[in-house]
């Protein structure tokens, strides 16, 4: 109401003052002067000025030339410039601005103006218009194109939407600077843009423009262009020849689009180029050789494309390079020695290619290098010593085949290095003690190597270290007592080594520690109480050691602890009180001597064998008289004790032999019955098959509800040699229950998916296996992968299902190739709703009720229309009785972030709500594009916690996946995020059912989603 009243007042004031100005008698100058005063007063009337910057503006003055932020022409006393940048003003740009008929410069940037800009269309003398970084909206009016004097137009960082009219550039012959970046503009770039013939800077980045921008007939004709930025749109097509016409071009930024094809060969004929960024597109082919002519180029980024061929030997000719990024392509070959000519190079990133050979020592000549990233290639040989003489800040050689030892380094490197990652190589020798001299080191990762040495105690001197990762590096000796001298350490991982001794008390000094993993070593002694000082600790992994004693009860006071694993040690006693310990999964404490709940009355039961006690005095000499025992002498005593032991052994042996005979007899009978069942089952399953006594080891392919001929060549070949079709070429995926292949076993040779099940926990009885598969095959729903049959032998269990050729959600969301466009919001919503419907069917319609237990992106397959299909449902039914307690089966608990809290507690009843939790995590992944748990250099982020905090702070929109480029409806995204947080509630009863979730999602997609979400 207040806004409407203010608008009405300003409109009335505008009309009144306009009429007054027209009635004023006097000379012309007086009338013109009053127009400027009155226009600014009307303009001010629609503004909120919290800091009173415009206090000097008053209608009592005859001229505004003395007002703050106003400039006048000294000859005419007309307002020519109004600059209100960064004054925290809010409001709208009203028609009062139209009174400033001589205005040349209007700059209102970095405020919070809202509404449209239609009032600016009649300022015919305007030369500079800067409205950047406000909250203006609506379409950009084509009438701006009628301002022929306009030279500078900056609308960056607003909320303008819609398409650009061709008329906008009909009269732009004076325009030199144009920036419309960071808006919501869409459609094609107008073909009339070429009429801006003197344009030297064009920035249309971070919008939703699509199609091909008509380079030949449009942009390539802007011959005075010096800066071109079309990045972060959805532009596509190839880049044609003709860029050489932009002789003055200095900056070319086309990154984060969908351009494809080869790079234009004449790009190297723009001699003044100093910045080229073509990253994150679909460019292919080899790098044009003309690039070597770009002597002035200092920033060159073609990362995340499909470029191939050998690494260019002419790279050394581009002597001006400061930043070079060829990462995530398919480049091959060796690094040429000419790379040493890049004496100005500071940042080199060649990661994730197929480069091979040794790291050239000639790179040592690039004395200005600060960042070198060569990870994920096939480099071999030693690390050149000279690298450790440079002033590098970051060195990442991980994921190669490097051998030899780590160079010791120099004083220059000691003072500069911040991040060192040599993980996943084959390095040997000792970790040099000089590592403690890297005074600014924050991240050190030497994991997955073959050092076979001690952890250097000098690590304690790394006072700024936040991440120390020495996993699986064949380390020996003890954990250094002062390893936690650094108060900054947040992640400490020493698991998978051969460390001995006790866990030092000093580890409790790591006050910032969030992850501590010492698992799979040979550590002994008790768990130190000092661990209770680690108030920031979230993950504690001590499994597979030889730790003894009780778990300190003080650990129950750690409020941030989320995950604990102390399995396979020698621990006894009660678990500490505290939420995380009360909900521990059995697998997290198994393999100890005796751990029990603190709520249990009486002592904990120890899991140790009872000793055999033999009392030598319990067997007498007949009359059991002490005198007779004494007269027998010591020889008689020992002989009688020996005889007593012999009698026990003989009796025990007889019992064992007798029991063995009975067991073998029973087993033979059981085997005969099972073989008879198998023969009968196979004969009944396959009509027309002969009773030939086919070997059970050969197996049979059972296709349920199929018309495929049993005599088809593919089926017969598969039965004779199933492993022949299950090879690397046909492999399409891998999960916790086995590897998935595709094989032409369906009707007319159609491909089916074949999961080779991990044998150990799977039902070993054909009768049971057949029954459970037939139950699962009855589950029919558009959002479920249908089960087609199975193949069974005692040694090989295969589950045959529908083949979905479009891959899984993991590959589309987290492992997307540069050639694959990101998932749109509409597709993501379709996946969310379809997955919900599939789970609702399993929970509420299908009988028996089926819990998935393992919902995650790898188990969501997508068909050719991106419809989701849930796979791996019901696999818990195929577990043996021993493994059938699914809630305690760590096969279903692959990663922190997916597992519902109740799955970690052996005493809680688990129901369908654990799937609801996993579904909530899946929603968060789809909306944010992030993984459930993300590890950074200094810490890790749990996605559900992060989104919940951002929602409480009112910044939840910052969580949304940026690759969607804001092409989504907030009215859908926000309720979906809130629904996800409700689904991931720690208390199962607070989560909705999947049937309710389907209804909520369907309502969210309607015009009034708040009706449902207001109840959350």
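Heads up, the Cβ atoms here are built off N, Cα and C, so glycines get one too.
Swiss-Prot annotations:
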- 1-26: signal peptide (SIGNAL)
- 27-646: topological domain 'Extracellular' (TOPO_DOM)
- 112: N-linked glycosylation site (CARBOHYD)
- 125-147: repeat 'LRR 2' (REPEAT)
- 135: N-linked glycosylation site (CARBOHYD)
- 149-171: repeat 'LRR 3' (REPEAT)
- 171: N-linked glycosylation site (CARBOHYD)
- 174-196: repeat 'LRR 4' (REPEAT)
- 198-219: repeat 'LRR 5' (REPEAT)
- 203: N-linked glycosylation site (CARBOHYD)
- 248-270: repeat 'LRR 7' (REPEAT)
- 272-295: repeat 'LRR 8' (REPEAT)
- 344-366: repeat 'LRR 11' (REPEAT)
- 349: N-linked glycosylation site (CARBOHYD)
- 368-390: repeat 'LRR 12' (REPEAT)
- 391-413: repeat 'LRR 13' (REPEAT)
- 440-462: repeat 'LRR 15' (REPEAT)
- 445: N-linked glycosylation site (CARBOHYD)
- 464: N-linked glycosylation site (CARBOHYD)
- 488-510: repeat 'LRR 17' (REPEAT)
- 509: N-linked glycosylation site (CARBOHYD)
- 522: N-linked glycosylation site (CARBOHYD)
- 536-559: repeat 'LRR 19' (REPEAT)
- 565: N-linked glycosylation site (CARBOHYD)
- 647-667: transmembrane segment (TRANSMEM)
- 668-1016: topological domain 'Cytoplasmic' (TOPO_DOM)
- 726-1013: domain 'Protein kinase' (DOMAIN)
- 732, 733, 734, 735, 736, 737, 738, 739, 740, 755: ATP binding site (BINDING)
- 841: phosphotyrosine (MOD_RES)
- 898: phosphotyrosine (MOD_RES)
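With a threshold of 8 Å between CB atoms, the same-chain residues lying at least 6 positions outside the repeat 'LRR 13' (391-413) that come near it are 351, 359, 367, 369-385, 419-432, 434-435, 437-438, 445-446.
Below 8 angstroms of C-beta separation, residues 298, 303, 311, 319-337, 372-384, 386-387, 389-390, 396-397, 402 of the same chain, each at least six residues beyond the ends of the repeat 'LRR 11' (344-366), sit close to that stretch. Nearest neighbour of residue 445 (N-linked glycosylation site) by Cα distance, taken over the binding-site residues 732, 734, 738, 740: 734. Ranked by Cβ neighbours within 10 A across all protein chains shown, the binding-site residues 732, 740 are led by 740. With Cβ pairs under 8 Å as the measure, the repeat 'LRR 15' (440-462) is packed most heavily against 488-510, out of 125-147, 174-196, 488-510. Using DSSP to sort the residues of the repeat 'LRR 12' (368-390) gives these counts of helix, strand and coil: 5 helix, 7 strand, 11 coil. Counting other CB atoms no more than 10 Å from each candidate's CB, the glycosylation sites 171, 464 peak at 171. Under the DSSP three-state reduction, residue 522 (N-linked glycosylation site) is assigned to coil, being neither helix nor strand. The shortest Cα-Cα distance from residue 464 (N-linked glycosylation site) to any of the recorded positions (565, 738, 740) is found for 565.
Spatially close to residue 738 (ATP binding site) yet at least six residues away along the chain are 755, 756, 757, 758, judged by Cβ distances under 8 angstroms. Of all Cβ atoms in the shown protein chains, 20 besides its own fall within 10 Å of the Cβ of residue 565 (N-linked glycosylation site). The Cβ of residue 509 (N-linked glycosylation site) lies under 8 Å from the Cβ of 484, 485, 487, 530, 533, each on the same chain and at least six residues away in sequence. Here the Cβ of residue 445 (N-linked glycosylation site) has 21 other Cβ atoms within 10 Å, regardless of which shown protein chain they belong to. Reduced to three states, the DSSP call for residue 509 (N-linked glycosylation site) is helix. Rounded to a whole number, the distance between the Cα atoms of residue 565 (N-linked glycosylation site) and residue 522 (N-linked glycosylation site) is 16 Å. DSSP assigns residue 464 (N-linked glycosylation site) to coil in the three-state reduction, placing it in neither a helix nor a strand. Looking at residue 740 (ATP binding site) and residue 841 (phosphotyrosine), their Cα atoms lie 25 Å from each other.
Spatial neighbours are here defined as Cα atoms within 10 angstroms of one another, and by that definition the neighbours of residue 112 (N-linked glycosylation site) among the recorded positions 135, 171, 203, 565, 732 are 135.
The recorded positions shown are 135, 203, 841; of these, the one with its CA atom nearest the CA of residue 732 (ATP binding site) is 841.
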